[in-house]
Amino acid sequence: MATLDNCTQVHHMFAYNREHGTNYTRNHFRRYLAAQRIGFYYDWDDDVYECPTCEAIYHSLDEIKNWHECDPPAFDLNDFITDARLKSAPVPDLGPVIVETPKVEEKQELNFFAATPAPEVLQWKCRGLQFGSFTELETSEPVVSAPKPNCEEPARTIAKPEEPVEQETCGDGKRLLQAQMEVDKAEQDLAFAYLSASLKPRLEGRTTATIARRRDGCLVYKTKPSWSQRKGTKKILKVDTLACKNPYIPAVVDKISIAGGSSASVMHEQQKPKILHTTPSRKVATHYKRTVMNQQTLTALINQVGTIILNAEKEFEVVGCRKQKVTGKGTRHNGVRLVKLKTAHEEGHRRKVDIRIPNGLRSIVTRISARGGWHKTWTDSELSPGSSGYVLNSSKIIGEFGLRRHSIFVVRGRVYGKIIDSQSKVTHTLTHRMVQYSDVARNFWNGYSTCFMHNTPKDILHTCTSDFDVKDCGTVAALLTQTLFQFGKITCGKCAIEYKNLTRDELATRVNKEIDGTIISIQTQHPRFVHVLNFLRLIKQVLNAKNGNFGAFQETERIIGDRMDAPFSHVNKLNAIVIKGNQATSDEMAQASNHVLEIARYFKNRTENIQKGSLKSFRNKISGKAHLNPSLMCDNQLDKNGGFEWGQRSYHAKRFFDGYFETIDPSDGYSKYTIRRNPNGHRKLAIGNLIVSTNFESHRRSMVGEPIEDPGLTNQCVSKEGGAFIYPCCCVTDEYGKPTLSEIKMPTKHHLVLGNAGDPKYVDLPKEAEGKMFVAKDGYCYINIFLAMLVDVPEDQAKDFTKMAREIAVKQLGEWPSMMDVATACNILATFHPDTRRSELPRILVDHATKTFHVIDSYGSITTGYHILKANTVTQLVKFAHESLESEMQHYRVGGEPDKAPRKPAGNVPTLGISDLKNLGVESENEEHSIRPNLQRLIKAIYRPRMMRSLLTEEPYLLILSIVSPGVLMALYNSGSLERTMHEFLQTDQRLSATAQILKHLAKKVSLAKTLTIQNAILEGGAGSLNEILDAPAGRSLSYRLAKQTVEVMMARSDMDKELVDVGFSVLRDQKNELIEKKLSHGFGGLVARIAIVWKIISNASLAAMAGHLYSRSNPNRCRRFERQIQYLGWVCFQKRDLAPKGNLLRRSKES
């Protein structure tokens, strides 16, 4: 059967659990094994440890380690009695024994260790009996054992008279008792012999041991270490060895002589005392009686001294023998007079025993403490930091207190919730875990030091050393404290309240009054504390940082104080914060920075607007939040499934479906409805995806769209009014300025899809159209916009709205109307039905290639890559109807053709038609390849004044194409065309005049450059100035688009290569530029050469004619001299003799 006493394995414990129904775990088994290792008893039920010696209860091994202090058990006499002696000795029979005296003369003795029946006769044959010996007898004589009883032979008895038998029986009883006593004595001697033998090593160890006092006051032997004992043994052996070599023979000394002569007392003669010839003093010596005190008088003295100490709170010191002393003072705690002893932890020492009070001095301390609140009962909650050293009555303390071994309890601190006695010995670990209850001043400095070291900066790059004097540091710290706070005591609450109630100005005045004196004091007495001086100067600067310019504040408030619009509202708030000066909080300063940021944004946006709508910074992100449609959220207009209720609007919607929608027959398939055609292109619907494939691969393939070419962000994507962008009438871009392209739109049946931003909203078609599928006829997809407006029309006005839309709007719009006309029609309808201004539009896609708007219906779109119009409501769409709107999309067809779109007049700049473009060699369908022929046209017109005049009149912006080549620009400058353009267009078109001025300036800079690379860099740098002029011209023409494209290409090329050029790299385009320059210069290079030849011929002919005319007028006799003079003048003018007219030429001219 399993028991817990023989539980050596875990399975034993589990077997015990099964038999007895207990629930002991492995933790119990581990604690049981730990108890066996340290010699403790483990209580399985209470889960505690019990000491077998002191019977103390402990809950953990840590408590045993910290608090268990009992000694090992002392030896007992029973420990030295063998197991054989522990057995009960046989009790001899004290009845009558008949002893037969043999004839042998040897003395017979009795053996009482043999258990023999009473009637048997015991016989011994030996000389003596040795009691209490378990070894062989020392005598050599054999011991004759008692013969075994013979059952067959009858016992021999001797009949005697009755009285002698009784007397002999009494004598034998006495002898038996005496023998038993001797046996007991022998056993006791044997036990003590074993005890002496076992204690011999222990007693020998005590010869070298010292006596020490334990914590409980008991005196114990403290043995020396093994190395000390070995050292003493060697020393004793050495002394014994020397004694053996020189043995000492004792002798009696009966006479002492000095050098063999007589003693000094015999040889010295007695001298007579000298006579003092002075008058003896008449002063009588006072002999004080020696004070002798008994125990009663000493007790009274201690009581009186204790009363004085406690009442006056004086310090005292009780001194004992040698260096024993106890220091303390009288104090009060909660109105009770107590004795406070000086402990070690108050001096900064953490020791196991905080204070040692000798036994002889403890009674005196107790008597002094008894003169105060000795009989007051104390609880642990009444003791707190600052109570260190308080002497309490051990019998009058209640609560969580540690071990109490003496009549007095000296407070030390708290650990694990218990108050510890300073006289108790604790472990080294507890000394560091204990919260010492030292006094307040010590706590202050301990807290200061701890916090100072804890908050030491972690980014110090050097090793700190003690360079300043500690006393000087304390002095400077006191100066700083008094300068900033000016307290009578740092613990004074009234000073703190008075300081708190000071206003900001009063506090600044109070600190300013003292800070100058403190700075001077530190400069003179502590000049090494330069960091403190910098801090004080900074404090002084902050306190005096006041803004007294109230005049400017009032003037600003007067000028724009009533303006609530931006940026004036930000200026007003910033003005209110700045006037506060140093009274402004950090939050207000942060708000001031935000106001400055808003002002900076305003001026930045204003600057960008001044730049005439540059596309570089154009951003038109779509809102991430879906538009709230109140009509679709009103519970009164929703059915039980949350769908929109058309009501009477459903009946009147037939006017749209009957005339402008085509019914789809699904039985014939959707193939003929897939392509949505318009006069200038087509778009592929996603209606075919209504046939859903359950195969994942096929379905994923049906979700892939067919993208078109992206034209990028151009001026076609934006709309402006007054030079500012009208964002609802622009294409949507991402946060980087790239146009957002449309994705595939999946189809649905019997729905009206609303929402141009965010997630689409699906509205069920009217009940009259239920079960049928409708698609708008070609050219009438804008009817979906009117159908979306019908959702917000009240039911009683639905008839008027549909009639007006059909008879007025649709009748005038017809097929493929322009966006301007559609917006105008929406504005007319919204004027009579204002609720439709907030109507949500279907998604509208922009196709810049075909100049078309696509209004997406419920059948979606397979074709992707279109731009998205941002307009989401009717109010935003109506902006396209404004005449002041500058937008190409304003004239796009809603499913129309670009050639039919009306164009605005170009003002002073004429617009080229199709025929004119063909005459110039330009193809309007591909503008990318039209730069070269127009540039060739410009090159031809450089030295042809009439062609140049015609070119400047029709397409003046072709001059900007000259920046492609430095040679072309220089030729254009030298021909005077730029000067002519500046003067002709100065009054009519200042933009063209400014363009010519910029080209002239670039030509001058190019002429100074020595290499083609530098010349191209100059032209690319000047492209930005030309782009600013081309941003918003008065009209549109082909030359403008070509010039704009050329300038943007050069700017993009410069920006792309800027980083490479800055770091020293060169691009491979330099060689390409040389080839292009040769190619372009070839056109006008031959022309220049021909002009040079013609100029040479004309010059020579003119000189010859002039020379002949002069020769004919001169004297014939001096013709030879005149000829030489002409040659000399030609050499002087041309610096070349071959250019001077020759004599033959003169002669021929004379002959002619």
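Glycine too: its Cβ is placed from the backbone N, Cα and C atoms.
According to Swiss-Prot, the feature domain 'Peptidase S30' maps to 292-437, an assignment based on sequence analysis. Residues or ranges marked as active site, for P1 proteinase activity by Swiss-Prot: His345, Asp354, Ser388. The motif 'Involved in interaction with stylet and aphid transmission' feature in Swiss-Prot is assigned to 489-492. Positions annotated as domain 'Peptidase C6' by Swiss-Prot: 773-895. The active site, for helper component proteinase activity feature in Swiss-Prot is assigned to Cys781, His854.
DSSP labels the residues of the motif 'Involved in interaction with stylet and aphid transmission' (489-492) in these numbers: 0 helix, 0 strand, 4 coil. Of all the active-site residues listed here (His345, Asp354, Ser388, Cys781), it is His345 whose C-beta has the fewest other C-beta atoms within 10 angstroms. For the motif 'Involved in interaction with stylet and aphid transmission' (489-492), the model's pLDDT averages out at 82. Here the candidates are the active-site residues His345, Asp354, Ser388, His854, and by Cα distance the one nearest Cys781 (active site, for helper component proteinase activity) turns out to be His854. DSSP states for the domain 'Peptidase C6' (773-895), grouped as helix (H, G, I), strand (E, B) and coil, give 57 helix, 23 strand, 43 coil. Geometry remark: Ser388 (active site, for P1 proteinase activity) versus Asp354 (active site, for P1 proteinase activity), CA distance 11 Å. Taken residue by residue with DSSP, His345 (active site, for P1 proteinase activity) is part of a helix. Of all the Cβ atoms in the protein chains shown, 23 others lie within 10 Å of the Cβ of His854 (active site, for helper component proteinase activity). When the domain 'Peptidase S30' (292-437) is classified with DSSP, helix, strand and coil residues number 45 helix, 43 strand, 58 coil. Cα-Cα distance from His854 (active site, for helper component proteinase activity) to His345 (active site, for P1 proteinase activity): 91 Å (rounded to the nearest whole number). His345 (active site, for P1 proteinase activity) sits 7 Å from Asp354 (active site, for P1 proteinase activity), taking the C-alpha atoms as the reference points.
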